[in-house]
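There's a structure below that I have some questions on.
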């Protein structure tokens, strides 16, 4: 029965857009024939609703971008800083991304700048890298082209132009979430509530405060646009023109998203799994779902070509899953209807797809040469408790806050803003409704072409089912890794706002409760307006004063020690010098001075990871000779010791850099349940400050302040006392 129902659904989908458009005027005529409603009145009403909704969506996005810009100015005093002080605000990997943007602008031509980035040998010592491919620098390429082509050199400084684009994209992000909630609920009041929850929970919805140039800040707005277009595309009641527009927007945003972020195909894989489950239970039009699969294939193919034949896309789980789904569809089509094998394939459909996916992925990894983040697989093994390791890099990653389980404070913040309770309520109602629909499909009951308000069947709407599955999958990831909350929480805001503003959701609940005292449709309409209004007023009263205080409060970010260090390097260090130190500091040195470094704060390359681990040995208990050999093997001329790492007093013992190094080097001794670091050598970063032999034979201190100690690595070693 399930198979016959799916066949009926596919048959209904095969109606052409022309037929759908022929039906549309009849429905409009029925609506227009209602007493007291002329066609002109209905047209004006629809136009007004669309106009004010779009105006509210665009205004929300613009206001959010202005809010981010104002907050950034108050936090860093950006307009009153010198260029060096502004650049220091970019930390870690953000500094590297912005440094390449600067290099593109300094190049004599755009073509020459791109060539120097793709054949870069002036960033990491003894290493030539394709920075565009390895660091996904397409955002910087686009920003530099726009800056030069628009003639902005005489109007705005490069740094303002760069962060302005990022803030503008965040405005588009918010607008896309607004539109998604509006499309699902039918009222732009849901969009307003989505934006309010997003801004109030900004700590958990975006990383824009900590890392402006990060890849996800460039990429996620495009993914939000793709989700908004996909939501409209999955709707049953959609005319031909709107369907084509949504399809084109899904195509463009999917490809752009894939080009902006190296991990985008993993997020698209989660989305593909959601669509696969949606299609497996015959809750969506199969042809539409398979059109989205074709978009994935096209984006992967085009991305592979334009990303310098990026093999990671070929061995990605997304490609294996989509290929398995297309192959499974062919097997089903070629089977004769009603045969035993056809029914068996229907029953074993999910198992079949999973088996083909795993097999294809295994074969591709065997046949295609790749460096597809092998350390990620090792990390997952250790994270799930399937393996243990003393490896410094693995344990350092496990200690990162973003890769640990979310804290109780995260759930407390979502509860205080009333977001989590309403999300759970909406999710439970939608899940129960979807379960009912699946049970009806198994029993052979077909889906309705159009779901009316009085039906109380919100689980029959494919776009709703998709979002329920999508947020559950993202939520499972967020429960394992706190960093995933930035992908999950925005869609929690959207789904919760849609639910409380949707009369259909309230009507579904009242159908179960079988209300008789009050007319359920009237009550559903009242609650869909009253509940979000009450939530909005309470949020306004509690959180609006806090936001205004944030914007009016002057914060001070000033790091004089780092400014002094960068100034000394630019004035005193030779142009050909190579600096060694922690990867985070090396990123800042590269940005602020342009000097070559021995390592970078990037974690997608095995060679760079090994370099980082070796350079970090300056904080271990190893001999001066060992450290000297490591540094000279990378042609380093200067060593920078950070006092904050050397004397680190971390909240979690065992997660400090020096603790992880001692464990990896076998310098940890356990006695009576306590662990102690033991080595015949003292900690290098402490011992080198004492200025005694053999340390002074290998290293000469040339600069120091309260936070940094800079040592010249001697080329001629003297062992005279």
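Along the chain as shown, the residues are counted starting at 1.
Any Cβ shown, glycine's included, is placed from N, Cα and C.
Bear in mind that TrEMBL entries carry predicted annotations, made automatically and left uncurated.
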From 381-400, 461-480, 521-540, which range did TrEMBL mark with transmembrane segment?
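That would be 521-540, the stretch labelled transmembrane segment in TrEMBL.
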Match it up for me: which of 304-327, 544-567, 568-591, 592-615 does TrEMBL list as transmembrane segment?
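Spelled out, TrEMBL records transmembrane segment over residues 304-327, not the other listed ranges.
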Between 28-49, 50-71, 72-93, I'd like to know which one TrEMBL lists as transmembrane segment.
50-71
Match it up for me: which of 182-200, 201-219, 220-238, 239-257 does TrEMBL list as transmembrane segment?
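Transmembrane segment, as annotated by TrEMBL, spans 182-200.
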Pairs of Cβ atoms less than 8 Å apart decide it: which stretch in 348-368, 420-443, 487-509 has the most with the transmembrane segment (521-540)?
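By the under-8 Å Cβ criterion, the transmembrane segment (521-540) pairs most with 487-509.
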With pairs closer than 6 in sequence left out, are the transmembrane segment (420-443) and the transmembrane segment (348-368) joined by 3 or more CB pairs under 8 Å?
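Not in contact, no.
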Return yes if the transmembrane segment (266-284) and the transmembrane segment (420-443) have at least 3 CB pairs under 8 Å (sequence gap of 6 or more), otherwise no.
yes
Should anything in the same chain at least six residues away from the transmembrane segment (182-200) have a Cβ under 8 Å from its Cβ atoms, list it; otherwise answer none.
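Apart from its flanks, the transmembrane segment (182-200) reaches 49, 52-53, 56-57, 60, 64, 67, 174, 228, 231-232, 235, 417, 419, 463-464, 467, 490, 493-494, 496-498, 500-502, 528-529, 532-533, 535-536, 539-540, 543, 547.
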